[in-house]
Structures are given as C-alpha cells and as structure tokens.
Amino acid sequence: MDKTLYISDVTLRDGSHAVRHQYTVAQAVQIAKALDAARVDSIEVAHGDGLAGSSFNYGFGAHTDLEWIAAVAEAVHHARVATLLLPGIGTVHDLRNAHAAGARIVRVATHCTEADVSRQHIETARALGMDTVGFLMMSHMTTPDRLAQEALKMESYGATCIYVVDSGGALGMNDVRERFRALKQVLKPETQTGIHAHHNLSLGVANSIVAVEEGCDRIDASLAGMGAGAGNAPLEVFIAAAQRLGWRHSCDLMALMDAADDIVRPLQDRPVRVDRETLALGYAGVYSSFLRHAEAVAQRHGLKAVDILIELGHRRMVGGQEDMIVDVALDLLQTRTP
C-alpha cells in the first residue's frame, strides 16, 4: 500500500460517553497534547452526541463544546481539531461557533438512511472552508447498495469524505468489505472514505483493517478504545497492527501506548471493554451510547440492563431515541410475572 493512512482520534468526543461527558478542560488539554505529540492527524472534540449534545436527553457536559474546542485548538500544533454535528441536535449556528473556536474539520452525522437532512450543514461547512465529512451512522441497518446511495447524496452536497459508521459495533468483516466496495463503485475517485468502528463484538481493529484493504483512507480510533459501549477501535492497537502490516502512518506507537495506559485508562469509571452489556449492544445492533443510559434505567427499576438492550435491538431503536429506553424498561416491568 503506497498511501499514508489518515488517523482520526475520537478520544475526546466518542470517548466522552465513557465518562458521561465529564472531561474537564485540563483533562482534554492533557489528552490532546499527548495525541499531538504522537502525531495523530486530527483530534475530534465535542460532547459525545456532537455539538449542542449537552442536554437532559443525552446528558449534560461538564463544559460547553466551545470551551473544549478552544482549549484543544490552542494546545495542539500538528493535529487539526475536528468536531461532530448531528442535524437535529446541532445547528448551523453551532457549526459556525465551533469553527470560530478552532474546529477545522466537521463530520456531519445522520442515520444511515437519512443523509438528506445533512445538506444545509455540509454546504455551510464547505462555505466556511472546513474539511467536510459525511458520517453515516448505524451502517449495519441498511444494505450496502442503499448505503452507497446515501453516500452519494452527501457527496453531492459537498462532502469530500464519507464514513461507514458502525455505531452499534454490529458489523462483521464481510459486512464492512461489502459496504466499502459499494461506496467505491459509486463515489468519485477523489472522494475519500473512512471507517468508524466500535468494539462490541471485538472486531473494531479487524474491521478497520478490512476497510483499509478495501481502499479506506481515514481511520477513527481512540486511546484505550475510549468510547461508547465497548469502545472504539483502540488507537494504539490499530497502529501496532498497521505497523506489523507495513502500512504507512504518522503516529508514534510507543507514545500512544503510554497515553492510553497512563492518561486515559485511569479516567474510566466503568471499564471500557467487552462484557455482558456491551456484547449485547453488538449482538442486538444497538446504538453504543445507549449503554450508560440503559444501565442507569435498569438500576432505577430493578431490571437487567442486558434485557433492556436486547429489547431495544428488537425494536430497531436508533440514535436520538434515548427516551425510548425508559419506555422499554416500563414495558418489561409490566411483563414480569406478579
């Protein structure tokens, strides 16, 4: 492979789910400086649910997105600052403010069959001169061909990179291969592709490797896998595997290993790992950020979180339907034998 992989770190955005969006500014700066020193290409910064995600529904952040973004932008010298925007949560106004605070990349994220809602945000990002990425979440919930058609929409709005996003950590390796082949068949040769994997079936690194084999340009990963559910593809593990495969990248593996174990892992109040609950996410194809919400609701009502998660999968709930976690719990209580 003759290209250099683009490494997109998501520790400070997806990883925010693992700490209930409670990173302090000092912690964000410390992590960003370590990532910058290790030469990752970009660092995504926002509430776990993207710009303006801080809310009753998704969980309130310890700081505003702009406070985190501005602090990280000032702290880094090599990496570019990225952010995430979900239309319907974040607005064009939020995007402009994030750009003013220092974000130079935006990933505009929609459910995998709803790319049409991203047009306004993608067009605005391009007008601001931002590196503009389309982010198709829950990509396991549609066919490769339908996903490719949604990717085409984002490309037509101005996105220059389209991501296959395995939000539920439910894709197998052949699933990833089929989706990238479908995208490559329809997108312009100059349009890049990216992979955002979750580790709920322990396939985060394997799926990222398959994506690269199919021509993927950008790889999302996080230190110690810090992310929703069982986490993302662990950055240090992916880089070690890439190095063993002889793939080019700009990262310092040892620096990433140190940052993962010395800085990030100690912040986890709940281990980011494959266990009964996070495995249920991948098995049932449930949005990974539902985990902490489901665990809290289960504790409140005397239920098992895994039962709630499996039922959410049966009902095909998607990101943004966090309120349904309580509904499912109440329904499960009603079905209990007196």
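Every residue, even glycine, has its Cβ placed from backbone N, Cα and C.
Taken from Swiss-Prot, the feature domain 'Pyruvate carboxyltransferase' applies to 5-257, supported by sequence analysis.
DSSP classifies Tyr287 (substrate binding site) as coil under the three-state reduction. Residues annotated as substrate binding site in Swiss-Prot, with sequence analysis given as evidence: Arg13, Asp14, Ser167, His196, Tyr287.
The local packing around Arg13 (substrate binding site), expressed as other Cβ atoms within 10 Å of its Cβ over all shown chains, amounts to 30. Secondary structure at Arg13 (substrate binding site), as computed by DSSP, is coil. Annotation source Swiss-Prot lists site 'Transition state stabilizer' at Arg13.
Look at Swiss-Prot and you will find Asp14, His196, His198 tagged as Mn(2+) binding site.
The Cβ of His198 (Mn(2+) binding site) lies under 8 Å from the Cβ of Asp166, Ser167, Gly168, Gly169, Gly204, Gly227, Ala228, Gly229, Ala230, Gly231, Asn232, Ala233, Leu281, Gly282, Ser288, each of these being in the same chain and 6 or more residues away along the sequence. Long-range neighbours of Asp14 (substrate binding site) (same chain, six or more residues apart, CB within less than 8 Å of its CB): Glu44, Gly48, Asp220, Ser222, Met226, Gly227, Ala228, Asn232. The Cβ neighbour count for Ser167 (substrate binding site), using a 10 Å radius over every protein chain in view, is 32. Spread of the substrate binding residues is 15 Å (greatest Cα-Cα distance among Arg13, Asp14, Ser167, His196, Tyr287). Reduced to three states, the DSSP call for Ser167 (substrate binding site) is coil.
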